[in-house]
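Enquirer: Copying in the features that TrEMBL gives for the protein in this structure:
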type	residues	note
ACT_SITE	B:TYR483	active site, proton donor/acceptor
BINDING	B:PRO145, B:PHE146, B:GLY147, B:GLY148, B:GLY149, B:SER150, B:SER151, B:GLU279, B:GLY280, B:LEU281, B:LEU282, B:GLY283, B:ILE284, B:ILE285	FAD binding site
BINDING	B:ARG426	substrate binding site
DOMAIN	B:113-295	domain 'FAD-binding PCMH-type'
SITE	B:ARG330	site 'Important for enzyme activity'
Protein chains: 2
Amino acid sequence: MFYTELNAKIDYSRDNLRWNAWGAYGQDFFRVGQMQEILAFLSDEFKVSEIRKTPPVALEEVTLPKSALSPAQIRELSKISGSKHFSIERRERVFHSAGKSYYDVLRLSFNTLKHFVDGVIYPSKESEISKILEYCSKNQITVIPFGGGSSVVGGLEVLKGKGQKAVLSLDTTRMDSLIRLDKESHLATFQAGIYGPKLEKILNDQGFTLGHFPQSFEYSTLGGWIAARSAGQQSNRYGKIEEILTCLKVVTPSGVVETLRDPASSTGPDLNQIFAGSEGLLGIITEVTIKVHKLPETRKYFGIVFPNFEAGLNFIKEVNHREIPTSMIRLSDADETRLYQTLGTFGKKNTPLRWLKNKIQDAVLNFKSIGEDKCVILLGMDGTKLDVAQNFAKIKKVIPMFGGLYAGTHLGEQWIHSRYNMPFLRNHVMENGIGVDTMETSTTYDRVLHLHKEGVAALEKSIPGSIAMCHISHSYHEGACLYYTIIFPMDAKKPEDQWFKMKRTVSDCFIQNGAPISHHHGVGFDHKSWYEKSTSKPALLGLKAFKKEIDKKEILNPGKVFY
Amino acid sequence: MFYTELNAKIDYSRDNLRWNAWGAYGQDFFRVGQMQEILAFLSDEFKVSEIRKTPPVALEEVTLPKSALSPAQIRELSKISGSKHFSIERRERVFHSAGKSYYDVLRLSFNTLKHFVDGVIYPSKESEISKILEYCSKNQITVIPFGGGSSVVGGLEVLKGKGQKAVLSLDTTRMDSLIRLDKESHLATFQAGIYGPKLEKILNDQGFTLGHFPQSFEYSTLGGWIAARSAGQQSNRYGKIEEILTCLKVVTPSGVVETLRDPASSTGPDLNQIFAGSEGLLGIITEVTIKVHKLPETRKYFGIVFPNFEAGLNFIKEVNHREIPTSMIRLSDADETRLYQTLGTFGKKNTPLRWLKNKIQDAVLNFKSIGEDKCVILLGMDGTKLDVAQNFAKIKKVIPMFGGLYAGTHLGEQWIHSRYNMPFLRNHVMENGIGVDTMETSTTYDRVLHLHKEGVAALEKSIPGSIAMCHISHSYHEGACLYYTIIFPMDAKKPEDQWFKMKRTVSDCFIQNGAPISHHHGVGFDHKSWYEKSTSKPALLGLKAFKKEIDKKEILNPGKVFY
């Protein structure tokens, strides 16, 4: 049901994946005419007369230093994985030297990335990983675990540990098999290097789903989701990945850690919740057991229009406090609602029928006093026909309490079909002098409105003339995730400084408001200093001690999160 | 709604609490005649001609060594909390030197407890706790945090750290106020020393409930729940306490740790889930923010009879996989069902009406082929009237799928009214030569039947002639908690050895089956060696390093869990 809705069957061979942008070659969802309209609209918004072309450099132009691995090291590492699965080739090294953040793509595009991994290894089993970690511990080689490579927080930033002389990327994607589907316990055990679509297809074929669909779904792996505490778009129903997790296996430099396969326990600190979020600092996650669900009988995804953001927020709060089961509630603020509405018109013909439809729409909204500040909610439900019908009836009682207007399933279905497309838009705009980035955090309901305003203000202050907007992407009993997007004309001279300033301003804003530096993107290198500022010192030192004990030579992903 | 159903308004002053048994003086739920019938039944079961009286020693007879605290230390500690809140009195010291496990009560009753705390301090605020920890770190005094004192796993066992000369009990119960009820976010912040009933009453008065009702509810504290990863009887609806937890404040010897007040984040290992389950090893939990819910509009608690344990288990699995919301599903195995049924007849008159009712009941069960192996499920639902009605309708469709028979709400209501009584039964039987203890673990559905049998067999093997039984007390998407009870004639000569053997046999059985050593009781001292055996070594060493960093002088609750 879900897999077949994916836009493409993806060939993940490294040659087929873009090394400096999102996705696979040939995969695109924006037609030429549509992109021209979008770019024209943006240049109009930014009051620039013409879009400036900023094409990326070719792979061959990337200033790549010689691999720092010695011939002996190359020989030894090749022996562990087999020489076919070890590489110091340009393409492999560059592809593995950055994630997919704006800052990453910027540096790759303009050839300003400074540090590169010296080799890439693709182990096929845990014993090989143990050998790699042992060899690298002895030979002072930094190891950066790599799954889908989709980090947007500098999780793959190439940094060496103290005294270390070379950096090895450890790519887990050869380890991507189903180990066991336990249909009685509704648990599946997979090797952690598996990409989202393959995992979901295996489950779907047996009538199950994981239900974990982050924006990065097509290009991220199970291990990466766990390492960075990913959230799928349907997390209201299925939970964040750390809640979906039942147990895992991690290969560390001090040996293998396996957590117990139980539904709950009262046995000291929760080890799962230490390795979830460890972002490669504590070991390589190799095997994960996760909760799976029978494929839902039906789904209902629909739009609701509210007069303003506060009304939409109050609706979300009420639905969650009434404990009405939903899969997703996504509330765009007025600016995002407007932008999506505008983008939606591009590439479509203006027929008389469309004109009439719009007129009627406006009239209805007007009648309901829904005007300029209108905000759209996309609400999704999955389950049995009976459950969805009953829950929908409950939702329909809450909508009018906050002046909302049910807007049908068209918006919802549209969203499902285009849910993985947005990152491809960035590919285009960044080649045309336009920057786009996202930041996200979470807070309790009593502070959502305030933080929403503060975050948008911080963004707009950081890059004058930018378009800043926000949506609530995930919601909970006690609060919600605020997800911000900023679009801006790239600074022609110092685009990196422009980004630093933006990142700094917004991150300061989050932690000054007591909000975490991330809700589901992670900490990585980019957020490290804010993470440290907002974490109590004794706990931070405790984590460092934990890491130092497990990774005595400090070879694992240095310079990230808490180390 | 819930508070008023408590059996008593409890006076928690230390003089009013039993130092060697469960509960407050004067609180009892078993009438003399009823107890006589129960004891006669048990002596019959155990084939002993007469119950052997085993009265506990008086407080004055307890062999209590002189406090090892020096006069200077007593003076300094008294200064920190005020002399009214520091004590080296016999009653205070004995009360704080053990928990409420069978082994604890055994030793207190027969005057075989060997180690006692040397003083008890009741701080009133965090700054006092900081001072106490600083003073004790400097003066090599062990500190054992104390909340309700209801540990059943040796969490309060008086052990000294290396080189330490005295042991101080740090009682948190003066810190028991509501700090803030955030009605918008449905979050409440309490000081952690608050007892269950007071907390629940404060919330109920404002229309809210925490919904956390462990068996120990009346005599345990919020901080203790978190420290030991407690599970309430309605955890299907409200979650285990570590899931209810949003953020906390912990005073450690290295400073105060505060976690962020957010609904979810992606910021490294989850600190909440490190301090939850820390059982006093990492600091004193002083403030906790927890999710609260509007008091449910209605409830429906009812019985269902199944032909055997497997049928009941399959019912539980199906209900959870269909995601039908419940508050509680509790399945007694055939032996427990029989025992409860027998106990239920004691103290009641045999009227002709009762006789007729029983006859009809038997006939119906017979018709449904429910015989000797019959097992009872108690299922509870809370929520709006509409939700409960809809969910009940869904449950009713699942019952016949597994040959079950709906048995009405009588059993459910009865259970609610007597839910906190069971520990009081132990008070009586232990004075009459009969031992009773409970052990619990959890596993995934594919292993529940096997582990159920293995656990009961291990119990019966460990004490020949004992009555062993089991129920499923908590259930999840992927598995369930197995909760075992054993009743046995106390060994007249070596009751402690008898208990050791039982504990050893069952604990070995759990970990040999890959199951955790506890689902909600904790690790403490009693389970430490099994916890260590079943935890991967690198993780164990990592936790030790975390602890050593935070508690440099290793004064906090030594000899428990992982340290």
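From the backbone N, Cα and C atoms, a Cβ is placed for every residue, glycine too.
The model shown is predicted, which means the values in this text are computed figures rather than measured ones.
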Enquirer: If you measure the residue listed as 'active site, proton donor/acceptor' to B:ARG330 (site 'Important for enzyme activity') at Cα, how many Å is it?
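Expert: It is 10 Å, counting Cα to Cα.
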Enquirer: Under 8 Å Cβ-Cβ from B:GLY280 (FAD binding site), six or more apart in the same chain: what's there?
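Expert: Non-local contacts for B:GLY280 (FAD binding site): B:ILE144, B:PRO145, B:GLY155, B:ALA227, B:LEU556, B:ASN557, B:LYS560.
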Enquirer: So, three-state DSSP: helix, strand or coil for the residue listed as 'active site, proton donor/acceptor'?
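Expert: Going by the DSSP assignment, the residue listed as 'active site, proton donor/acceptor' falls within a strand, counted as strand.
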Enquirer: Comparing the recorded positions B:ARG330, B:ARG426, which residue's C-beta has the most other C-beta atoms within 10 angstroms in this structure?
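Expert: Max Cβ neighbours within 10 Å, all protein chains included: B:ARG330.
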Enquirer: Measuring Cα to Cα, how many Å separate B:ILE284 (FAD binding site) from B:ARG426 (substrate binding site)?
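Expert: Given the Cα positions, B:ILE284 (FAD binding site) is 30 Å from B:ARG426 (substrate binding site).
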Enquirer: What is the Cβ neighbour count of B:GLY147 (FAD binding site) at a 10 Å cut-off, with all protein chains included?
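Expert: Other Cβ atoms within 10 Å of B:GLY147 (FAD binding site): 30.
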Enquirer: Considering only the recorded positions B:GLY147, B:SER151, B:ARG330, which residue has the minimal Cα-Cα separation from B:ARG426 (substrate binding site)?
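Expert: That would be B:SER151, nearest by Cα distance.
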Enquirer: So what's the average pLDDT for the domain 'FAD-binding PCMH-type' (B:113-295)?
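Expert: Summing pLDDT over the domain 'FAD-binding PCMH-type' (B:113-295) and dividing by its length gives 98.
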Enquirer: Please report the Cα separation of B:GLY149 (FAD binding site) and B:ARG330 (site 'Important for enzyme activity') in Å, rounded to an integer.
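Expert: Distance (Cα to Cα, whole Å): 26 Å.
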Enquirer: Using DSSP reduced to three states, classify B:ARG426 (substrate binding site) as helix, strand or coil.
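Expert: Where B:ARG426 (substrate binding site) sits, the three-state DSSP reduction gives helix.
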Enquirer: Tell me which of the binding-site residues B:GLY147, B:SER151, B:LEU282 ends up closest to B:ARG330 (site 'Important for enzyme activity') in space, Cα to Cα.
Expert: B:SER151
Enquirer: Could you tell me the maximum Cα-Cα distance in Å between the residues recorded as binding FAD, namely B:PRO145, B:PHE146, B:GLY147, B:GLY148, B:GLY149, B:SER150, B:SER151, B:GLU279, B:GLY280, B:LEU281, B:LEU282, B:GLY283, B:ILE284, B:ILE285, rounded to a whole number?
Expert: 19
Enquirer: Using DSSP and collapsing to three states, where does B:GLY147 (FAD binding site) fall: helix, strand or coil?
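Expert: Its secondary structure by DSSP: coil.
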